[in-house]
Ligand SMILES: CC(=O)[C@@H](O)[C@H](O)COP(=O)(O)O
Ligand SMILES: NCC(=O)COP(=O)(O)O
């Protein structure tokens with residue numbers, strides 16, 4: 001099981017003053033030296049945090065897994081195929097959203113992905129992951145498309161009130177088992193933190209990559225990045 005650190009919000013802080021500091025690429029190096037297996041970034045269409053130049057520098061500097069999160073636009077597909085990361089995670093993207101609000105709705109994208117998106121990405125060796133809610137129908141359509149992995153959206157679990165957390169964990173558990181049965185890698189991410197991660201790892205099987213960003217970067221403001229990454233790794237080692 002791998003920790004991938006999402007450094008989007010180092011770029012958020014960098015952009016606040018526009019003077020190049022803190023540097024997301026330096027943050028990525030610190031995370032990998034602390035033991036993270038790789039780095040995730042989301043190059044959004046509005047470039048609100050990660051910028052194109054960050055992506056090309058990350059390609060040169062990241063030693064572990066590089067996960068390029070993106071909407072399935074022609075623009076992003078062109079940049080992704082030029083960068084050739086290990087992994088491309090296709091996510092829904094809304095300009096007005098504060099952050100990603102849910103997984104892809106496979107019924108509404110399946111034809112476009114089958115006819116445009118996957119043929120372009122499949123010309124490369126980039127692994128294709130789809131960011132999905134733990135809905136069996138979406139997971140089965142993703143397998144039909146030939147996705148290599150599914151990243152389970154854990155935001156509903158992370159934001160659930162105590163009465164609903166168990167139900168959301170059960171959905172994620174069933175989703176992970178189906179993904180594995182269909183021969184795809186099980187990844188997970190969104191809204192995970194030091195408090196809710198143990199419940200997820202205790203309940204959800206077959207996890208390959210766990211992507212954590214906002215909570216980890218936020219905690220590092222108090223603890224420092226190295227100590228924070230190691231705190232997440234310590235939890236994950238208990239469930240390896
Ligand atoms: C797909 C997902 O849950 C996150 O990786 C996504 O990048 C969140 O977007 P922001 O980083 O802009 O909050
Ligand atoms: N895909 C999830 C991710 O990369 C990080 O999400 P978050 O921890 O910033 O919510």
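Using the three backbone atoms N, Cα and C, a Cβ is placed for every residue, glycine included.
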Task: Kindly point out which candidate in 81, 89, 99 is recorded by TrEMBL as part of the 1-deoxy-D-xylulose 5-phosphate site with 8, 9, 44, 49.
output: 99
- request: Among 35, 191, 224, indicate the single residue that TrEMBL lists for the 3-amino-2-oxopropyl phosphate site containing 6, 17, 213, 214.
  value: 191
Query: By a simple count, how many Cβ atoms lie within 10 Å of the Cβ of residue 213 (3-amino-2-oxopropyl phosphate binding site), its own Cβ left out?
result: 24
Message: List, in residue order, those recorded positions out of 17, 44, 49, 190 with a Cβ under 6 Å from any atom belonging to ligand 2.
response: 190
Query: Using DSSP and three states only, what is residue 6 (3-amino-2-oxopropyl phosphate binding site)?
result: strand
Task: Filter the recorded positions 9, 49, 151 down to those whose C-alpha lies within 10 angstroms of the C-alpha of residue 213 (3-amino-2-oxopropyl phosphate binding site); answer none if the list is empty.
output: 9
- prompt: Inside 8 A of the center formed by the CB atoms of 8, 9, 44, 49, 99, which other residues of the chain have their CB, for the recorded 1-deoxy-D-xylulose 5-phosphate site?
  reply: 6, 11, 12, 42, 48, 50, 213, 214
Statement: The answer, for which of the recorded positions 17, 44, 190 has its Cβ ringed by the most other Cβ atoms inside 10 Å, is 190
